[in-house]
């Protein structure tokens, strides 16, 4: 079977939920027995989002092979339950950088390097590479931003050329557009959707399907009007309404025959998607019997997307305990030893996620200290693990001023130090310890029990600093347990305190591998204990 290509674009405005549409369609097609992969095109000039502020971009999602990517890849993985790779996120910066390297090497044989054909050819190559490296039957490529944006023009042109290159039966264009709801007048306006589709047509692409983003349902008459003006079959005008839970969306799209229309267009003979298990999960999620409050102490809490995988992993873990997770967003900058009880005291558990830089670290340390002294279940992630060690060094070992070398190069007690292979690294982007690495678990530890007594777990990392082994013996003598280490025993992966309800921190990012129907084990145990703690 020829590889099938589905392209998801957006018009009218950004943040239309294209990623969720792509992920939901991917789930439906996977449940038809098809092998699906998904890819995100980001037209910005950064090589990747690794050095971008979370306030600009939200979370950086890390793949197994160590690519720092757009947060939409997290949606793809969680919805479809697949592991993506470095070919699943392509930026203008990455493409232009590669083209310029080739030009300097003389690989273009003296040609004038241009947007067409050189940039567009490379973009088409990236699409095909993502499909071939995963042996996918179908690749869904989402283009970030809005059709008509200056920076996205080469991407749209590459998508246009794909139809001629691989055949009309192997390509489908899905355009996501807004329907404006004027609440005061009680009216729905379609002009933005019509103009957005017209703009796409001006670039040579006729949409085969429209996905309408709306707060309220549209009428059949309005659907037919949009279909006529946009030259799309009425049945291929799909509504994506606001929902209570994101995981309802695949079911809503299936109810409108979206996946069948896609299969018919691409001439795919695939059985109907069996969504019974997914439907049961959604029904469970919407009828949780308990509630648990978790304090998330972070420095980017003004933008929840900065912690989207963390919050989703907490929710997934809640599903396993039949509990809705109520997140109390606590700005680490506001936390002190004096007010920490007031800010997190009513939470059944505390999570301290990752981050970079000095700002907010003392607040995180205060929250960790509060959890340790008051036996509140606590989970630390990445920087959260490093600051767990700093807090213990200061307040249990008496090492006044102990810190991470990253945050205080003058500290007398650098309990967190730079990794040996990072000492001479000068570039900031793409040089961290990234991707999947194993952790060997300690017998009898809380971590090993959480991971069902596994000997080794593999989880994704994103860090440059590590626990300083010079202090390991002193920590162990004081009761600090190193419950997960690298197979060569050099890198500390998990730490914990015994005798506590749950006091565990890990260097890796377990949330990146959590799924709604398969929650990550460390998160699951944390929430299970927190639910018990809230009784």
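Just so it is clear, glycine is given a Cβ too, placed from its N, Cα and C backbone atoms.
Cβ neighbour count for residue 382 (active site, nucleophile) (all protein chains, 10 Å cutoff from its Cβ): 22. Look at Swiss-Prot and you will find 382 tagged as active site, nucleophile, backed by sequence analysis.
The active site annotation in Swiss-Prot covers 509 (among others). Over all protein chains present, the Cβ of residue 509 (active site) has 25 other Cβ atoms lying within 10 Å.
Counted within 10 Å of its Cβ, the other Cβ atoms near residue 511 (active site) come to 30, all protein chains included. DSSP classifies residue 511 (active site) as helix under the three-state reduction. Residues or ranges marked as active site by Swiss-Prot on the basis of sequence analysis: 511 (among others).
The feature UTP binding site is assigned by Swiss-Prot to 14, 189, 190, 191, 192, 193, 194, 225, with sequence analysis given as support. Sequence-distant contacts (6 or more apart, same chain, Cβ under 8 Å) of residue 194 (UTP binding site) comprise 226, 229, 230.
The annotation CTP binding site is assigned in Swiss-Prot to 14, 149, 150, 151, 189, 190, 191, 192, 193, 194, 225 on the grounds of sequence analysis.
In the three-state DSSP scheme, residue 243 (ATP binding site) is classed as coil. Per Swiss-Prot, ATP binding site is recorded for 15, 16, 17, 18, 19, 20, 72, 243.
Residues annotated as L-glutamine binding site in Swiss-Prot: 55, 355, 383, 384, 385, 386, 406, 464. Residue 406 (L-glutamine binding site) carries neither a helix nor a strand DSSP state and counts as coil. Sequence-distant neighbours of residue 406 (L-glutamine binding site) (same chain, 6+ residues apart, CB-CB distance under 8 A): 416, 418, 464, 465.
Around residue 142 (Mg(2+) binding site), a 10 Å sphere centred on its CB holds 27 further CB atoms from the protein chains shown. In the three-state DSSP scheme, residue 142 (Mg(2+) binding site) is classed as strand. If you look up Swiss-Prot, you'll see 72, 142 marked as Mg(2+) binding site.
Here Swiss-Prot flags 293-535 as domain 'Glutamine amidotransferase type-1', drawing on sequence analysis.
What Swiss-Prot records for 1-268 is region 'Amidoligase domain', and it gives sequence analysis as the kind of evidence.
Local packing around the Cβ, expressed as the count of other Cβ atoms within 10 angstroms, is greatest for 18 among the binding-site residues 18, 189, 191, 225, 464.
Listed binding-site residues: 19, 355; maximum Cβ neighbour count within 10 Å falls on 19.
Counting other Cβ atoms within 10 Å of each Cβ, the lowest count among the binding-site residues 16, 383, 385 belongs to 16. When pLDDT values are averaged over the region 'Amidoligase domain' (1-268), the model yields 95.
Within its own chain, residue 190 (UTP binding site) has 179, 222, 225, 226, 229 as residues 6 or more apart in sequence whose C-beta sits under 8 angstroms from its own.
For the binding-site residues given as 20, 192, the lowest number of other CB atoms within 10 Å of the residue's CB is seen at 192. In this record, CTP is bound by 14, 149, 150, 151, 189, 190, 191, 192, 193, 194, 225; the longest C-alpha to C-alpha distance in that set is 31 Å.
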